[in-house]
Structure formats: structure tokens, C-alpha cells
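Report on the following structure.
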Amino acid sequence: MAPLEAIIWHDGQLRIIDQLLLPFKTVYIDIKSVQEGWDAIQKMQVRGAPAIAIVGCLSIAAELAKESSIFNDCTSLHTFVCDSLAHLITARPTAVNMKAEALRLTEYSCSLLTTSQSVTEMMNSILAWCENLLKMDLATNKTLGDWGMQKILQLSKKDGEDGFSLITICNTGSLATAGYGTALGVVRSLHAIKKLKGLYMLETRPYMQGSRLSAYEAVVEGWPNATLICDGAVGALLSSSQVDAAVVGADCVAANGDTANKIGTYQLAVLCAAHHVKFFVCAPTSSINLKLSSGAGIPIEHRPALEMTSVAGVPVAAPGIACWNPAFDVTPARLITGIITEYGVFTPEKLEEEISSRI
Ligand code: MRU
């Protein structure tokens, strides 16, 4: 199996892997318009907060590259960009990265209204801005991964023991980002210096990002002792094995450190606390919303019952049963040991101070 490039942008054309079909089929689909971008995000053909934002913005770029001649002036181009962003942020409401990039791109487009000499110049600037997201995200992830790796190395080990065992949920790797990953980026950095002893992955019902996507990345990368566990096996695992730390991603981190992430993250955090296992959230600053004072303000997306009652189209539940299917939960800051960002690792108490002085 070859490493996967989830998002490909080349010569004004956007292609993404249809993650609904992984790991059994690798099919790339073209995204030619903002609406196609919205649909792919909403159906979870692309998922993971950073990847959602990148594909959302690049869907604007793809439509612009295709329809370059329809804008008569800079104002109509600016209106198109703002309307497209307003639409894109509705596709997956919990993942805050799309909103963060929407704010940045709106501001940038606004500034171009006064600085651009022509529509073509403004359009080229917007295309370059969107393209740059891929490079920036990759660089951010590598830095974040290395900070996390250094933090894990500081955890105490019994004499003579070498290497660290980690546990994670969902998929936060190459498939969820421009490449490298956030929590899986920490795993990657640890593996690069031969200090990864093992990685436990929760299968992550109902969408199976753990068993379909993280397990795929683990096999491709050859991570040692990469082991899939059922979501309900965390307590048994932590009570019987040596796991050094949990590393998880984030869809939105509030100013006080409360973190929304894939459903099941909260119970993983509770069980880590009960077994004295360190619990780290890995979040690029684009996943941090300092305007929210706590996790109570984070909107939680609910997914259709069908995603619970069937797996890959095969029914697995009694027909007629009611379902409660939130895609995310909020882990309170008190359960979080540290938040690993591209600027360093901060306790929830220090997060706001540290991040606000850097963005
Ligand atoms: O529903 P998903 O697959 O988009 O959920 C993804 C997660 O919860 C990830 O942990 C988060 O987006 C961070 S990805 C780097």
C-alpha cells in the first residue's frame, strides 16, 4: 500500500480521495465548484478539520480558475468569495478551521479591493492564497508533531524501558490534513526517532475513521505494534497495559482549553484520568477559537441515524430503533494534560495567554 495524498491541487484543478471508499478502494474525485466542495465535506468524502478548511477554500479556487471570465469587477469577485465562504462554513459546523480560514480569506479579499489593479490580479492573489494553505498546513503539522514528540520524551519511564506507547481516536493523519497529521503527526515524529513502541487506535464508531483510515496509515507507515481496539475496550486496555499517553485531535478548542473532538474522546479522557495516563490534545492554532470562553459554546454536529444503523451500506441495527448520533463531544479542560500546538505545548490554563500573543 502506498502513502496517500488526500488533497491534490494542480494547475487550477482540485482532486481529493473519496475517503468513504477507503481503505478498500482508492478513488480520486474532481471538485470543480464550491457546491461540489460543500457536498464532499458534508458527505465526509473529505473529513478532519484542517482538510475540510483546505478543500473548502480550494473549491473556491477551483471554481475561480474555471470561471475566471465571469467577473466584471473586483467587487463582484469579492462578493462571490464571501458568499462561497458563508456557504462552506455550514457544511460541518463543529470543525472551526473552516470558519477561521473564512475569516482570514474574507479579510484578505477585502484588502485586495483597494490594492488590486485588475480583476485578474485580484483573482490570482486569491488563488495563490488558497494554494498556500496546503504548504502552511504541512509545515504547521511538522512543527506541532515535533513539539509533541519532545513532550512525550519528557514523560517518565521505568528504568531500562525504551520507547513510548500511545493511544489515539479517529483519524488525524495525512488524510485529515495537508499531510503529516496532528496527533498522528506526533506519532510520526516519535517513530522517526525510533521511540514509538506502540500505538493503540480506537476503531471510532460509527464512521470507523480508526479502523479504516488510521489503521491504513499505520500499516502503510509500518508503525510498530499498531493495534486496533474496539471503542469499548479502552478501560480494559488502560487497566491492563502500559500506555504512556493519549494523543487526540481537535475540531475546536475554546479559550479555557475545553476541546470538541470525535465522539468518544471525552470517555477516553475520563478513562485516562482514572488510570493516570497523560492526555494531550493536538491542535494547530486554526483549531483554536479564543472567542469562545468555554466548550459550552461549541456547536455539536449530529449525523444521520443511517450512519449508525449501517456499516458500508450493510444494516447492523434493528429497523425502527431511534438513534442519538452526535459526531463530536467536548472534553473539559480539567481532563487535559496539555495542548500541543505549532507554537509549543501549553496547559489549558496558559493556552489563551500563549496563543493570543502569537496570532
Ligand atoms: O468527523 P471527522 O472525521 O471529520 O472528525 C475528525 C476528528 O474528530 C479529528 O480528530 C479532528 O478533525 C482533527 S483532524 C487533524
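Cβ from N, Cα, C; glycine included.
Just so you know, TrEMBL annotations are computer predictions that nobody has curated.
Feature annotations, reproduced from TrEMBL:
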type     : residues : note
ACT_SITE : Asp251   : active site, proton donor
SITE     : Cys170   : site 'Transition state stabilizer'
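Packing around the residue listed as 'active site, proton donor' is summarised by its Cβ count: 28 other Cβ atoms lie within 10 angstroms of its Cβ, all protein chains included. Secondary structure from DSSP puts the residue listed as 'active site, proton donor' in coil. Cα to Cα, Cys170 (site 'Transition state stabilizer') and the residue listed as 'active site, proton donor' are separated by 12 Å.
A sphere of 10 angstroms centred on the C-beta of Cys170 (site 'Transition state stabilizer') encloses 29 other C-beta atoms.
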